[in-house]
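> Have a look at this one.
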Amino acid sequence: MRLTPRALCSAAQAAWRENFPLCGRDVARWFPGHMAKGLKKMQSSLKLVDCIIEVHDARIPLSGRNPLFQETLGLKPHLLVLNKMDLADLTEQQKIMQHLEGEGLKNVIFTNCVKDENVKQIIPMVTELIGRSHRYHRKENLEYCIMVIGVPNVGKSSLINSLRRQHLRKGKATRVGGEPGITRAVMSKIQVSERPLMFLLDTPGVLAPRIESVETGLKLALCGTVLDHLVGEETMADYLLYTLNKHQRFGYVQHYGLGSACDNVERVLKSVAVKLGKTQKVKVLTGTGNVNIIQPNYPAAARDFLQTFRRGLLGSVMLDLDVLRGHPPAETLP
């Protein structure tokens, strides 16, 4: 989403921050290490699996994937599904594909599982991958079993439901949520196709025990892979504002009816709070007694800013643009 020429000219003259303060952020606290159990369950189910579908958010195609997936599940045929393509700026999609191919990922597809975009291509791709593999200990089995993996809240359950709509004309088989942690355990097999006979195993989202950088952690948080309060809604809103301005994505100005683009998160959230009526009464002690004043509810405004971004109402965004252009994520952890 772009500004009018006049507003864009004003925005271009603004002095955007060149970097975001990352020192002292406690990333370990954002990503609690209770997910190892889920990974162990996946490993124990591998002997039943013919292929692995890894689902990830298309807004962060080059960062935030769990490296343990490749290490522990890497012997099986693998398809990377970059979901939520409708929310991602895919202007440089070809470069993204080339970058991933350089990492050894040749089987990649972009999808929008809510609207079933490109989902019909998945089963033929998986069938071809399985056909080229040895299917250790499973040659006598006529049905295909696929494990769906990924970090939390990238659309694994949405993918399963979309495949069922496309190939079985059936409704939901697995619950979908807008926050991480909806799928709690490795579930029983869910049928998604008759010909070929194919079942999927839904799995809980599993984050890496160690995130590569603070900035990668913030990107994952913006995409909803952790509960917002663990990172802090206002911190996330500030990083979102910094990112939108840096990449000249000024849809927030139009959406909230702001006079111009702004790099001060307090001012932006104040305007959002006033526009949406998100204010609160606060008692202030003065020399003449208590006085009630109306203040903006900054946390509520930050939550709205984040949710509006996640619904795509601020325009499509590519959070990995810097990585794509050869700049490593900031504050890489030792």
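Backbone N, Cα and C define each Cβ position, glycine as well.
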> Among Gly205, Gly217, Gly232, which residue does Swiss-Prot name as a further GTP binder in the site formed by Asn83, Lys84, Met85, Asp86, Asn153, Val154, Gly155, Lys156, Ser157, Ser158?
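Looking through Gly205, Gly217, Gly232, the residue Swiss-Prot assigns to the GTP site is Gly205.
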> List the residues of the same chain that sit at least 6 positions away from Met85 (GTP binding site) in sequence and have their Cβ under 8 Å from its Cβ, in sequence order, or write 'none'.
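Long-range Cβ contacts: Ala58, Phe110, Thr111, Asn112, Glu117, Asn118.
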> For Gly155 (GTP binding site), what residues in its own chain, 6 or more apart in sequence, show a Cβ-Cβ distance under 8 Å?
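Looking at Cβ-Cβ distances below 8 Å from Gly155 (GTP binding site), excluding near sequence neighbours, one finds Val55, Asp57, Asn83, Lys84, Cys113.
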> Fewest neighbouring Cβ atoms within 10 Å: which of the binding-site residues Asn83, Ser157?
Ser157
